[in-house]
Amino acid sequence: MKRKVIVILGFPASGKGTQAEILAKRIEAKILGIGELVRAEMKKGDQNSARVKTIKELYDRGEPQKDEVVEELIENAVSKSSGDLIFDNYPFSENQIRFFESVIKKYNFEKPIIIYIDINPESSIKRISKRLVCDSCKKIFMTGNLGDKCDRCNGHLIQRPDDTAEIMRERVEHAKPRIDLVMKHFQNDGNVYRIDGEKTIPEVAKQIEKII
């Protein structure tokens, strides 16, 4: 039996990570988030290597990672996975689309379902100023205060160094044409959906539930 693969796209703070978690729990799927894979690579990699330094520089500037780095991280993660997968904001370029299609074919997935959680760019920037993340398990919180305890692992809530209005504007500018590219590429398959991300978390989840 072929495995399901879902791609959730959206601007930073669009709620795509939250919706990916809700969907993953409901359909018992694993989430592959490029951001998480990149942060894990920065943490475990050789801090003095040119590769890790380049990854960190791009990450800190809010710019997309090089395709060859992303491909390596994705291939490694998919090869170790089982069951259905949810990709958080991937693929995100023409080269990534080609690689993504080759990977899902290689590992026997169905045609992908693409879900775009659409929010206003200014909503993304406004939301990001309130976003906190656990310094241990990396769970994201849209409410709470710096230093609060994480309800998942008891870690402490911090603000990411890249969660600034300036960097978010840069990320939104990079994201919009890339999202349009992915949507256009897959629209002929009939499995592309645009969701109103300005609604509440339960309302957005309900829209996705009607699709999957």
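Backbone N, Cα and C atoms are what each Cβ position is placed from, and that goes for glycine too.
Under the three-state DSSP scheme, GLY17 (ATP binding site) falls in the helix class. The ATP binding site annotation in TrEMBL covers ALA13, SER14, GLY15, LYS16, GLY17, THR18, ARG131, LYS199.
Over all protein chains present, the Cβ of ARG39 (AMP binding site) has 17 other Cβ atoms lying within 10 Å. As annotated by TrEMBL, AMP binding site applies to ARG39, GLN96, ARG160, ARG171.
Summarising the annotation, TrEMBL assigns Zn(2+) binding site to CYS134, CYS137, CYS150, CYS153. Sequence-distant neighbours of CYS153 (Zn(2+) binding site) (same chain, 6+ apart, CB under 8 A from its CB) are CYS134, SER136, CYS137, LYS139.
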So which binding-site residues out of ARG39, GLN96, ARG160, ARG171 end up within 10 angstroms of GLY17 (ATP binding site), measuring C-alpha to C-alpha?
none
Other Cβ atoms within 10 Å is the metric here; tell me which of the binding-site residues SER14, THR18, GLN96 scores highest.
SER14
Candidates ALA13, CYS134, CYS137, CYS150 (binding-site residues); min other-Cβ count within 10 Å returns CYS137
When you tally the Cβ atoms that lie within 10 Å of each candidate's Cβ, which of the binding-site residues (LYS16, ARG131, ARG160, ARG171, LYS199) has the highest tally?
LYS16
Chain-mates of CYS134, CYS137, CYS150, CYS153 with C-beta within 8 Å of site centroid, Zn(2+):
ASP135, SER136, LYS138, LYS139, ASP151, ARG152, ASN154, GLY155
